[in-house]
Ligand SMILES: Nc1ncnc2c1ncn2[C@@H]1O[C@H](COP(=O)(O)OP(=O)(O)OP(=O)(O)O)[C@@H](O)[C@H]1O
């Protein structure tokens, strides 16, 4: 007879058991307030700019070390909302353990009485009781297991949503410094592994503890002397688990890192397949994957060997315990204090007592392995967003934005960067004005766009919209009123309609079509067999680079924000496509404050003001003609582009 107990152990406990992983605490760290530089006009203290934060974990693959208990404590709060279900699951676990203990006692009764007496009449009552207990055990087992799986999956969903939401708030440099594949692995494998610690782990512990207690009491009740012999050797299980847990923890860590590395290599190789094929780097890429796969295999095999070794050691300890009991039983029989039937019944009973004891040891190992996943998630969750919304109630009330953009003595250094990227940058763009920012590569032009859309806060000075520092308004408000058209055309994996409509969710069809017409995109979209329903994706082959850019312009048209930030709008497309983009761009810019960051000076004569950046400083300001006449950096830049530009 083998009763199946709910949450009977790490191998088959409630909730699906997945690969060992590790949990990690979360809880967002609030960016620290830094002293307010210079006078901020009429703003209360809550508006102190937040520190850019380094948004940087301790370094890839160097996750902070956590004890299992710390990891558990960090993730336990995520069970809020499901705790009553956890209590119900534990009640089922305890009821199942009780039913199992009762079944074992009935078994012993049956073997001791009915079988020994060879009497059918002594069989019926315990048999009926046993059946009733088995049905009850099956009922609570089913209920508890179903509930445990549901609760465990809800936990995984919630944790993944929290980590995902946190990751989306992290600054650009976090993604530059972390391999995408490794982040994907943390959001999938590592998130799932934490469930083993928090939900399944907690339930399995309750199950193993109660089963051990019930069986132990029953064992003492049956034969206290034999039970004592059994428990004298029980600490050996604990010693074995302790001996193995350190090694298993470190192997699990290696395995998780190797998992992340494999996903990264595959993701990077597929993303770079053109480079691989064009430069015939197939062998190099295969070797790269082979190296990571080799590391994963070594960690995986070592982990499996350790587990197997532990299992076998536990078997030997169990045999030792059984032999001790049989030895003592034989002596008792020889003294006439016990029958052979009683001894056999007790030996059979040990078959039920040891699994929960063994599971307790195994649980420790599972938790150690899961802690490795927790550490990797902790690394992500401890990374601080570079910016955050103003504290609740402290944000300036929404207003009708006119579009005055002001940089006032702005200085900035990237977190971890060794020098200032911007220093003392000041300029104002009034509503509807077109300001063009140019300069050599690396001068800090794109950094201006990152500050203007508040991916970072300046270390010195202020960036203001209509006189209000950006950090004093909710991020959502800012980004609704300042539209960024970045250098890389951003495309969603969706229909063209959705790609345009995401500029203003809820826009009517005629508004989407009008935006596409204004962006000179309607004709090529309408010519596609599926028109606006054509599905596109980043780097899609269905549309050219210039066409994708016009889809992005249509999206910005629909957004209809008073301020527009264009970062190299004609980069990445050929001269013909660039010319096609210019007219829709002019339409988009018309009536909006536009900050255009570019090397391409074709639109420079249209600009109300041109700023020339050099090593993070504004070195020249003026109109196209004024700067040409000045004969300085701008004139040189213009000349280096062939001097054939308009003007
Ligand atoms: N995440 C980052 N961490 C550290 N330094 C950075 C980071 N991003 C950019 N920088 C540095 O800041 C400087 C300015 O970069 P930025 O991208 O603003 O220049 P840019 O003028 O737009 O150049 P380009 O015309 O080539 O795009 C460069 O030296 C760059 O290396």
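Cβ coordinates are placed from backbone N, Cα and C, and glycine is handled just like the others.
Among the ranges 62-84, 85-107, 154-176, the stretch that TrEMBL annotates as transmembrane segment is 85-107.
In TrEMBL, the annotation transmembrane segment applies to 221-241, one of the ranges 221-241, 242-262, 263-283, 284-304. Record note: among 23-48, 127-152, 127-152 is the stretch given as transmembrane segment by TrEMBL.
Computed over the domain 'ABC transporter' (405-640), the whole-number mean pLDDT of the model equals 88.
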